[in-house]
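S.K.: If you scroll down you'll find the structure; I have some questions about it.
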Amino acid sequence: MSATTSVEIEKEDDSLDYSKFNSVNLLGKGLPDSPITYNRYCLLVTFIALVVRLVKITFPSAVVFDEVHFGKFASYYLERRFFFDVHPPLAKLFFALIGYLANYSGYFKFDYVGQSYIEDGAVVAPYVAYRVVNAILGTLIVPLIFNSLKELNCFAITCAFGSLLFALDNAQVCQTRFIFLDTLLLLSISATLYSYIRYYKCEITHGKSFTREWYIWLIQTGIYLSCAISCKYVGVMTYATIGIAVCYNLWQLFCQSKSTSLRLFMRYFIQKLNYLVMLPFLLYLFWFWIHFQILIYDSEESEFLSEAFQDSLIPNKAFLDHHDQFNVRFFDKITIRHDFSEIFLSVDDVTNNTLLGTYVTNDKVIWQIIPEHDCEDFGCDSVLTLNTNVKFKNIYSGKYLSSNNMLNDPTDVRGETTNFTMVDKDVADTYMYEHTLFNLLPLREIDYGHVVSSNKTAFKIFNTGVECTIYMDNKTNSDSYNDEQLIMANMDLNRIGFAYNDWKIDRIIDIDKERKDEATERKFKEYPFFSKWSELQNAMFMYNNDLSSEHDFASQPSSWPLCLSGVLYWTKAEDRDQIYFIGNIIAWWLEAATLLIYVVIIMIDILLPSWVIGLVTCEMREVFFGPLAFLFIGWACHYFPFYLMERQKFLHHYLPAQMIGCLFTAIFWEALLQTNKTKQEDYTRLGRRLYSFYMFLLVPIISCFVFYAPIIYGWPTLEPEQIQQRELLDIHLNFT
């Protein structure tokens with residue numbers, strides 16, 4: 001059947017009639033202002049956004065906050081040197097492309113915050129190009145917000161107000177001026193929302209389903225969804241937003257479907273599945289494929305991954321010269337390091353009887369590998385292989401590592417109350433013998449019997465006596481051991497695959513000179529893409545979840561909507577300069593109040609009959625249960641999941657939700673100010689009322705932006721008294 005015939009049939013099909021839904025009545029209306037009015041306002045707010053983002057973009061000429069990570073990753077891409085990061089690759093690839101176009105070699109490594117980009121009078125990294133492009137991308141978010149509001153049939157002044165809430169937000173300006181991933185993430189989210197609104201309007205317009213325009217906006221929604229997820233995993237929250245909206249959309253279709261139109265419903269369902277699920281996932285995989293195609297040379301960061309993954313990288317001679325990989329033998333003296341951190345197995349300082357994790361490399365972290373049986377059975381110089389039972393003798397104490405056979409709480413499968421202890425040799429050889437045996441389990445079944453190499457082979461240390469693994473969680477600390485990491489016994493065998501159980505032999509102590517010439521030769525081996533991707537994906541999730549919540553400027557989600565505190569991004573003591581990440585407090589409080597008022601009104605409307613209160617008119621209900629409900633779900637999806645996360649959290653994690661809050665606030669107040677509109681009142685009078693109201697709100701918002709501008713730009717330098725004036729709420733600045 002031809003496309004024309006198909007569309008003609010659908011135009012005649014009553015199952016596509018959405019006219020009984022309020023959102024159709026609202027979105028089907030004509031625009032309240034002329035096209036030229038919208039264009040003028042859009043150009044104005046976009047110009048304002050561009051100016052405030054480009055002001056003093058070259059200052060400071062030093063590394064600022066997370067530039068230390070994302071600038072470094074761009075350099076690694078340009079050197080084609082493998083690195084490990086918890087974020088997907090798209091935004092980092094974009095920065096690498098900018099560096100490549102700027103003829104940058106990747107020489108500068110962004111080693112620490114405050115490191116100067118200027119060495120011997122020469123600029124050693126294209127930081128200005130990175131920042132300018134990022135600022136331009138941040139500016140492009142503003143017209144997307146403006147046009148999203150326009151597509152929701154808002155007045156031009158409402159579109160401008162919502163756009164200015166974003167354009168003049170101190171936090172959004174600060175975050176989009178530096179080499180951070182959030183700009184491309186926010187751009188992808190805003191493009192997703194705009195594309196979905198356009199797609200949905202086609203869906204509910206009679207006769208537009210399955211047209212070229214319908215497909216264009218559906219495909220664009222899927223592409224931008226994939227971009228959001230491929231920048232940061234916060235994009236999953238965007239996926240949840242669109243997913244909820246699509247489920248509601250399918251419910252609308254299903255409710256209107258007749259018994260003879262199931263085929264049509266399935267066609268809608270399959271198209272949405274193809275372009276909103278399969279297409280984003282394939283694009284997500286594509287960026288990882290590009291990632292692997294570029295990063296072909298080995299580095300120290302591959303140690304986070306399996307031996308098979310490391311062998312798929314081209315050996316880097318400079319790396320191997322400093323990280324020799326030797327085959328481990330019985331009776332070698334070694335140090336054992338956690339695979340996802342710099343924590344070494346050690347014993348406590350007081351009794352030498354408790355197993356702990358430490359960052360300090362001293363005699364207490366040195367262990368000797370003792371075979372299960374006498375060496376006469378196999379030779380004292382035999383190499384150690386995976387799936388072999390061994391004993392660990394601590395060189396400092398002379399005692400043997402043993403599991404604790406006295407369980408304080410048998411129901412504690414995580415082993416929070418079951419730690420490891422050290423026992424003397426006579427105890428280890430007699431009644432605690434089984435508890436001193438540890439099996440080096442491979443990460444993959446196909447690695448059974450492989451030789452264990454230092455700085456290469458990862459394994460799980462499984463105790464045969466209690467049937468548990470040695471487990472270390474960075475978020476679990478013991479105050480009684482001077483903040484050293486407490487090592488636990490993971491007795492939940494369903495969790496044995498978790499990376500928290502993975503360890504490596506870091507180095508061999510006092511290795512014989514003859515063996516130094518026997519360093520393990522690295523040979524390149526192919527590793528299937530999906531195996532490589534799934535392993536890296538698992539490692540990214542594990543490491544991301546394991547990020548400690550302890551940071552001087554980490555904060556909890558409960559403090560974000562009111563912007564109670566911020567983050568110090570950069571400081572220079574000799575000049576009293578500093579850059580402090582903080583939002584436009586007036587605007588954030590307005591947005592938080594608007595969200596709260598909306599929830600109260602919705603609850604009243606649902607719980608009480610409308611004839612009793614008369615609070616919500618039919619016109620308001622169209623907006624409140626249409627566009628506002630969609631945006632509120634979007635805000636909630638980008639905010640509340642952070643309460644479930646145990647990792648480090650910072651104020652900038654709220655930026656996607658805050659951006660959606662800008663759209664929500666603008667639409668809400670327009671809807672509220674229309675409640676007294678009579679049939680005779682024309683749009684001109686309502687537009688004037690909106691203009692006056694928004695100007696009233698913008699005065700304190702602009703004043704707040706100007707007030708905090710010196711600390712988000714780091715310029716001009718403030719006097720101590722001026723700095724103290726800005727220490728409101730829980731804001732703590734330097735040089736007061």
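Just so it is clear, glycine is given a Cβ too, placed from its N, Cα and C backbone atoms.
Copying in the features that TrEMBL gives for the protein in this structure:
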type     : residues : note
TRANSMEM : 38-55    : transmembrane segment
DOMAIN   : 44-295   : domain 'ArnT-like N-terminal'
TRANSMEM : 90-108   : transmembrane segment
TRANSMEM : 128-146  : transmembrane segment
TRANSMEM : 153-171  : transmembrane segment
TRANSMEM : 177-194  : transmembrane segment
TRANSMEM : 214-231  : transmembrane segment
TRANSMEM : 237-254  : transmembrane segment
TRANSMEM : 275-297  : transmembrane segment
DOMAIN   : 529-730  : domain 'Protein O-mannosyl-transferase C-terminal four TM'
TRANSMEM : 586-611  : transmembrane segment
TRANSMEM : 623-642  : transmembrane segment
TRANSMEM : 654-673  : transmembrane segment
TRANSMEM : 693-713  : transmembrane segment
S.K.: Decide whether the stretches the transmembrane segment (623-642) and the transmembrane segment (153-171) have at least 3 CB pairs under 8 angstroms, with pairs required to be 6 or more apart in sequence.
M.R.: no
S.K.: So which of 128-146, 177-194, 693-713 is most in touch with the transmembrane segment (153-171), counting Cβ pairs under 8 Å?
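M.R.: Ranking 128-146, 177-194, 693-713 by Cβ pairs under 8 Å to the transmembrane segment (153-171) puts 693-713 first.
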S.K.: With pairs fewer than 6 apart in sequence excluded, do the transmembrane segment (586-611) and the transmembrane segment (693-713) have three or more C-beta pairs that lie under 8 Å?
M.R.: yes
S.K.: So what's the average pLDDT for the domain 'ArnT-like N-terminal' (44-295)?
M.R.: 95
S.K.: Short question: which residues 6 or more past the ends of the transmembrane segment (275-297) have a Cβ under 8 Å from it?
M.R.: 76-77, 79-83, 88-90, 93, 96, 215, 218-219, 221-223, 225-227, 229-230, 239, 242-243, 246, 313-314, 316, 529, 532-533, 536
S.K.: Who are the long-range neighbours of the transmembrane segment (586-611) in its own chain, taking Cβ under 8 Å and residues 6 or more past its ends?
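M.R.: For the transmembrane segment (586-611), the nonlocal Cβ contacts are 165, 168-169, 561-563, 621, 624, 628, 632, 635, 658, 661-662, 664-665, 668-669, 697, 700-701, 703-704.
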S.K.: Where else in the chain does the transmembrane segment (214-231) make close Cβ contacts, counting only residues six or more beyond its ends and a cut-off under 8 Å?
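M.R.: For the transmembrane segment (214-231), the list is 87-91, 181, 184-185, 188-189, 191-192, 195-196, 198-199, 202-203, 208, 238-239, 242, 271-272, 275-276, 279-281, 283-284, 287.
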